[in-house]
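For reference, the structure is listed below as structure tokens.
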Amino acid sequence: MSDAYKLLVLAGDGIGPEVMREVARIVHWMSAHRGLKLEITEELVGAASLAVHGVPIRDEVIELARQSDAVLFGSVGDPAWSHVGFDKRPEVAILKLRKELELFANLRPAKLFDALIDASALKPEVVRGLDLMIVRETVGGIYFGEPRGIETLPDGSRRGINTEVYTTSEIERVARVAFDLARKRDNRVCSVEKCNVMESGLLWKEVVTDVHKREYPDVQLSHMLADNCAMQLVRDPNQFDVIVTGNLFGDILSDLASMLTGSLGMLPSATLGPVRADGKRNALYEPIHGSAPDIAGKGIANPLAQILSFAMLLRYSLNRAEDADLIEMAVSNVLASGLRTGDIMSPGMARVGTEMMGQAVLREMEKLA
């Protein structure tokens with residue numbers, strides 16, 4: 001299987017294994033009918049790994065991730081482990097993976113399926129047709145800058161300190177990710193910062209402008225202040241194609257954009273690393289929802305975010321855009337038929353569980369293929 005793509009599957013905890021099973025059905029079908037060759041390795045992470053190996057993620061799993069074409073991640077988290085030290089928490093698995101793989105660019109799509117338009121927080125006429133991508137830089141900025149901390153002043157009062165720091169290279173590489181994505185979409189990038197009050201924002205704007213001029217003159221570039229961007233996302237979200245921004249603003253804006261779609265259970269994500277010696281990027285794909293231990297094992301979890309995360313993997317790591325389109329169209333058609341899991345249920349629709357939703361997507365793929 002030397003010509004097969006290497007895929008590491010980490011289902012994790014809670015509903016992770018349940019929703020990942022529905023992806024496995026799709027993978028099996030695509031292997032049989034679409035010529036998709038995958039060499040799949042499955043490993044334990046999170047609480048599942050703690051129970052067997054005593055650690056949230058083993059070093060061997062991280063090495064497997066480095067050698068893979070992509071990592072498909074479920075979710076981690078289990079309240080049964082809330083009493084242990086931080087380094088033993090299930091959530092450490094995903095944090096360590098992101099660090100060891102040097103993942104720096106988080107891709108958060110906000111795409112509204114027509115059938116869910118009434119679930120959006122905005123009026124249908126404002127949000128119809130929504131399809132934007134937020135690219136968030138995740139290793140720099142105020143979350144990691146030094147100095148930081150809380151100190152006691154001579155008068156006894158306390159002061160909290162955080163420092164916003166960005167370097168040219170950090171900005172350049174995330175800008176390239178955004179411009180490359182735009183070329184595969186509607187060819188538009190909006191760079192977001194606060195250059196009017198922050199020197200780091202001024203550098204951000206200058207560097208993005210320079211990368212655009214030197215390497216991507218064919219892509220349409222605009223600039224917007226972060227506070228204005230938040231307002232514009234609510235006023236007219238369809239003006240955006242790709243938004244690229246720093247860690248703090250990306251954290252806020254991507255959560256805002258997620259609610260334009262109506263349900264966190266529908267949203268996939270990707271996080272990309274630098275280009276490796278073999279020309280590929282380390283990449284991890286995961287739904288943005290958590291492990292949902294309260295519904296784990298009940299067969300009612302929404303598998304669509306996990307399925308759509310696999311579609312992103314096909315598109316961005318395996319360069320199989322047609323296969324990704326097939327999955328996304330199948331999901332759209334299933335929703336249009338009226339099938340809903342509980343988290344996206346609305347009057348007049350038909351409630352189904354995890355397995356039935358996954359099977360419906362697969363049947364629709366068979367019709368479309």
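Every residue, even glycine, has its Cβ placed from backbone N, Cα and C.
Among the features that Swiss-Prot reports, substrate binding site is placed at ARG98, ARG108, ARG136, ASP227. Swiss-Prot lists ASP227, ASP251, ASP255 with the feature Mg(2+) binding site. Residues or ranges marked as NAD(+) binding site in Swiss-Prot (evidence: sequence analysis): GLY290, SER291, ALA292, PRO293, ASP294, ILE295, ALA296, GLY297, LYS298, GLY299, ILE300, ALA301, ASN302. According to Swiss-Prot, the feature site 'Important for catalysis' maps to TYR143, LYS194, an assignment based on sequence analysis.
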Among the binding-site residues listed here, ASP227, ASP251, ASP255, ASP294, which has the most company in the form of other Cβ atoms within 10 Å of its Cβ? ASP251
Taking each of the binding-site residues ARG98, ARG108, LYS298 in turn and counting other Cβ atoms within 10 Å of its Cβ, which one has the fewest? LYS298
DSSP three-state assignment (helix, strand or coil) for ARG136 (substrate binding site): strand
If you measure from the CA of ARG98 (substrate binding site) out to 10 Å, which binding-site residues from the list ALA292, ASP294, ALA296, ILE300, ASN302 are inside that radius? none
If one looks at the chain holding ASN302 (NAD(+) binding site), which residues at least 6 apart in sequence have a CB under 8 angstroms from its CB? VAL19, SER263, GLY265, MET266, HIS289, THR341, GLY342, ASP343, ILE344, THR354, MET357
Mg(2+) site, defined by ASP227, ASP251, ASP255: further same-chain residues with Cβ within 8 Å of the Cβ centre: ALA226, ALA230, LEU248, PHE249, GLY250, ILE252, LEU253, SER254, LEU256
Where ASP251 (Mg(2+) binding site) and ALA292 (NAD(+) binding site) are concerned, what is their Cα separation in Å, rounded? 21
Candidate with the highest Cβ count within 10 Å, taken from the recorded positions ARG136, LYS194: ARG136
About how far apart, in whole Å, are the alpha carbons (Cα) of LYS298 (NAD(+) binding site) and TYR143 (site 'Important for catalysis')? 37
